[in-house]
Structures are given as C-alpha cells and as structure tokens.
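Per TrEMBL, these features apply:
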- K469: ubiquitin cross-link (CROSSLNK)
- K472: ubiquitin cross-link (CROSSLNK)
- C243-C311: disulfide bond (DISULFID)
- C272-C333: disulfide bond (DISULFID)
- C313-C322: disulfide bond (DISULFID)
- Y463: site 'Critical for TLR4-TLR6 dimerization and signaling' (SITE)
- 7-29: transmembrane segment (TRANSMEM)
- 440-466: transmembrane segment (TRANSMEM)
Amino acid sequence: MGCDRNCGLIAGAVIGAVLAVFGGILMPVGDMLIEKTIKKEVVLEEGTIAFQNWVKTGTEVYRQFWIFDVQNPQEVIVNSSNIKVKQRGPYTYRVRYLAKENVTQDPENHTVSFLQPNGAIFEPSLSVGTENDTFTILNLAVAAAPHIYQNAFVQVVLNSLIKKSKSSMFQNRTVKELLWGYTDPFLSLVPYPISTTVGVFYPYNNTVDGVYKVFNGKDNISKVAIIDTYKGKRNLSYWESYCDMVNGTDAASFPPFVEKTRVLQFFSSDICRSIYAIFESDINLKGIPVYRFVLPPKAFASPLQNPDNHCFCTEKVISQNCTLYGVLDISKCKEGKPVYISLPHFLHASPDVSEPIEGLNPNEEEHRTYLDVEPITGFTLQFAKRLQINILVKPAKKIEALKNLKRNYLVPILWLNETGTIGDEKAKMFRNQVTGKIKLLGMVEMILLSVGVVMFVAFMISYCACRSKRVK
C-alpha cells in the first residue's frame with residue numbers, strides 16, 4: 001500500500017510537471033499564433049478585418065467648429081486696438097462617412113492606391129445653432145490681397161476695387177459661408193479670371209483627397225498603412241522636395257505591435273504636413289486596453305527648439321528670426337495665402353502671438369490632440385484632432401482698410417475638433433475577436449502553468465513527507 005501511495009504521489013508530481021511544462025511551452029506557441037493571426041488580419045487586402053474597416057470606417061467621425069466672433073471691428077480698423085473675440089460653437093458636421101474610391105492593389109510593389117471622398121453633413125442636434133448663424137469675422141480676401149499682390153501699383157488698383165465693393169477688414173458671414181464658401185464682392189470686380197469663391201475649407205463637399213498610395217503590409221507588416229506617395233489637390237511639391245513632410249500613416253491605423261517608446265507619425269492634408277505623437281498613458285476604452293498618444297508641444301516649436309520645423313519658417317520678420325513658437329506657416333501650400341496653423345487658443349504658443357488678441361483661454365485638456373491606439377493591432381479606436389486656423393494681417397499703406405494698422409496680427413478665424421470613438425457594437429466585436437481571445441489564451445497559459453507548479457510542489461512535498469515517515 002505504501003508503494004501504491006508513493007507511486008500515486010510520483011504520478012501526481014509528474015502530471016504537475018507535465019502541466020507546468022505544457023503551460024510554459026504554450027506561452028511562446030500562443031504568442032506565435034497571436035502574432036501570425038494579427039499579421040494576417042492587419043494586411044490591407046480583401047478579406048481582412050483591417051481592409052474592411054479601412055475602406056469605410058465603422059466609426060462615426062464628427063468635426064466640430066468654434067468660430068471667433070470679433071467684438072470690436074471698428075476699434076481695430078481705426079486705432080489698431082487689440083482684437084476682442086468670443087468663441088461661438090460648436091457647429092458640428094459628420095465627416096469621413098464615405099468609402100474610399102478607386103482602391104487599386106499593386107501586387108508588385110505591395111501598395112494600394114485610393115481616393116478619399118470628402119463630404120460634410122450638418123448635425124443640428126450636436127450644434128448650438130444653425131448654419132445660418134452670423135458672425136463678425138476677418139475679411140479673408142481683403143486680408144490676403146497685400147500678401148499675394150505685393151506690387152504697390154497693383155495694390156492701388158485692388159484698393160479701388162475693395163472700396164467699390166464696400167468691403168473692409170472685417171465682414172459678417174454665416175457659419176456655412178465661412179466654412180464652405182461664398183462669392184466675395186471684392187474679388188468679383190477683379191477684371192481678370194480668378195476664383196471669386198472664398199471659404200476656409202472651400203472646396204470640400206463633392207471633392208476627393210488624393211491620390212494616396214500606401215503600403216499594404218503584404219511583404220513587410222511594419223510598413224502597413226504607411227504612405228508611399230501622396231498626389232493631392234494641394235501644392236505639396238515644396239514640402240515633398242525640401243521638407244519631406246509626407247510620411248507616416250493617415251492616423252486611422254499604424255503598424256501592429258505598438259510599443260510605448262514608438263513615435264507615431266501621421267500625415268494630414270488639411271495642414272499640408274506630417275506630424276507626430278508620443279505615448280502619454282494607458283487607457284481603458286470600453287473594456288479594451290489602449291495606449292494614449294498625444295501631440296507634444298515640441299511639434300509646434302520654433303526651428304531653434306525643433307529643427308524639423310525649419311520648413312515652416314518662411315520669412316524672418318513675422319517669425320522674429322524664426323524664434324516664435326506655437327504657430328506654423330503653411331502659406332506655401334495655400335497658394336500664397338497667409339495661413340498659419342496652431343493649437344486652439346494658441347495653446348503652447350509664444351506670448352507675442354496671442355498678446356494682440358483678447359478673449360482666448362488655452363486649456364490643455366480641451367485643446368490638445370490625442371490618439372488612442374490598440375497596441376496589438378495598431379488600430380486607432382478613439383481620437384481627437386484639434387487645430388486652429390489663423391490668418392496673418394499686416395499693415396498695407398496702399399489699402400485703406402488696412403492702412404491704420406500699426407502692427408501685425410495673427411487673427412484666429414476658427415478652431416476645429418475632429419473626433420471619433422469606436423461604437424459599442426464594434427467594441428464588442430473587437431473584444432470578442434481580438435482582446436477576448438488573447439486574454440483567454442493568456443488565462444489558459446497561466447492556469448496550466450500555475451496548476452502544474454502547484455501540483456508538482458504539493459505532490460513532491462507529500463512524497464518527501466511520506467518517505468520521511470517510512471525511514472523513521
């Protein structure tokens with residue numbers, strides 16, 4: 001009977017050891033299976049989870065606008081006073097609801113090209129008013145005229161047309177006109193063919209962005225979704241040849257197995273450049289562990305602080321010898337129009353930039369840009385892209401509407417918040433298909449390992465105790 005008991009204890013120890021070994025073996029095997037599955041499903045080709053969500057996002061994306069309503073236009077025009085603004089909004093539109101078009105695979109180069117259609121649908125229930133709400137804003141055409149046409153004689157001619165059209169430095173426009181375009185009375189009088197429609201995002205509806213060409217990841221998963229080339233409607237030849245600013249993904253996804261040390265680069269045609277985000281914290285998003293990456297202040301730093309931004313310092317006077325920070329000059333890809341981008345309310349900008357503007361209240365939580373990325377797949381499950389559009393206005397002695405100005409202004413026009421969050425159904429599907437299976441496999445591995453170790457130790461202790469009694 002003692003022998004039987006010893007045999008049973010030894011057998012139990014052996015089983016425990018086998019379970020522990022099996023659990024230990026299952027760990028790397030399980031990790032390999034996970035890696036193999038993920039690498040297969042994130043490739044941008046027909047039949048994969050990534051391709052299905054890439055062609056047409058299942059997430060509702062909204063773009064909210066806050067307009068800076070100027071409170072003292074006459075004081076500014078006559079006395080060059082500080083500009084007093086009040087933020088009005090949000091006015092919300094649904095965007096990025098259209099599927100990609102002309103999706104074409106190139107098996108030889110392992111790339112896929114496409115066009116991204118643009119469309120915006122106003123959402124009254126998510127807005128504070130209607131598209132017909134009217135505000136006092138900068139006159140975009142008048143402000144840009146002396147920048148585009150610097151010849152004194154030409155400016156005299158333009159001044160006569162501005163006066164004839166009864167235009168001034170400021171104007172009253174509806175939300176719809178400001179965003180999507182209106183016929184400008186001053187430009188309508190110019191005696192040679194030019195576009196007479198002006199709008200911050202004109203043209204947008206019924207247009208396409210691209211052609212984009214991105215790597216599909218078939219041959220190298222570390223390059224999936226990374227942009228190979230971009231040939232858009234905007235003039236990017238300057239950036240592509242000199243600044244190399246078209247790189248990274250479109251921020252909808254990144255190559256899988258994202259580590260916290262990785263710098264995520266992504267391209268936005270709205271701002272004519274690529275930009276980057278760095279890890280900030282771990283977040284739980286609807287039961288899915290994600291990494292939050294944020295746009296750091298250095299992204300908008302001066303060239304002295306961040307040499308990568310040398311491309312966005314195109315003159316020495318306004319930029320104070322390229323020492324101003326927090327704003328980037330993108331006029332080179334805006335047909336010479338004096339457009340500057342910044343974070344909302346000039347967050348992280350030089351004090352000199354916001355000094356002539358009253359009514360701003362920069363707030364890190366409300367005005368920063370972030371991406372919540374699921375680290376195993378590289379999919380962006382939640383994001384907030386926040387940017388401000390500003391126009392540079394300079395004194396112009398030949399144009400009466402601007403002749404009394406005694407300083408330069410970077411006038412904030414509006415700021416936007418483009419957001420998207422994975423829906424509840426999609427999150428449930430993601431948990432079931434990705435994170436749930438990974439957790440289950442991990443639990444099985446740990447249970448087998450733990451039970452095996454406990455059984456082995458317990459039976460060995462019992463065996464040793466039994467033998468000790470027999471010896472006595």
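From the backbone N, Cα and C atoms, a Cβ is placed for every residue, glycine too.
Calculated from their C-alpha atoms, the gap between C333 (disulfide bond) and C311 (disulfide bond) amounts to 12 Å. Cβ neighbours within 10 Å of C272 (disulfide bond), excluding its own Cβ and spanning all shown chains: 26.
Neighbours of C311 (disulfide bond), defined as other CB atoms within 10 A of its CB across all chains, total 19. Neighbour density around each Cβ, counted as other Cβ atoms within 10 Å, peaks among the disulfide-bonded residues C322, C333 at C333. The two recorded residues, C311 (disulfide bond) and C272 (disulfide bond), have Cα atoms 11 Å apart.
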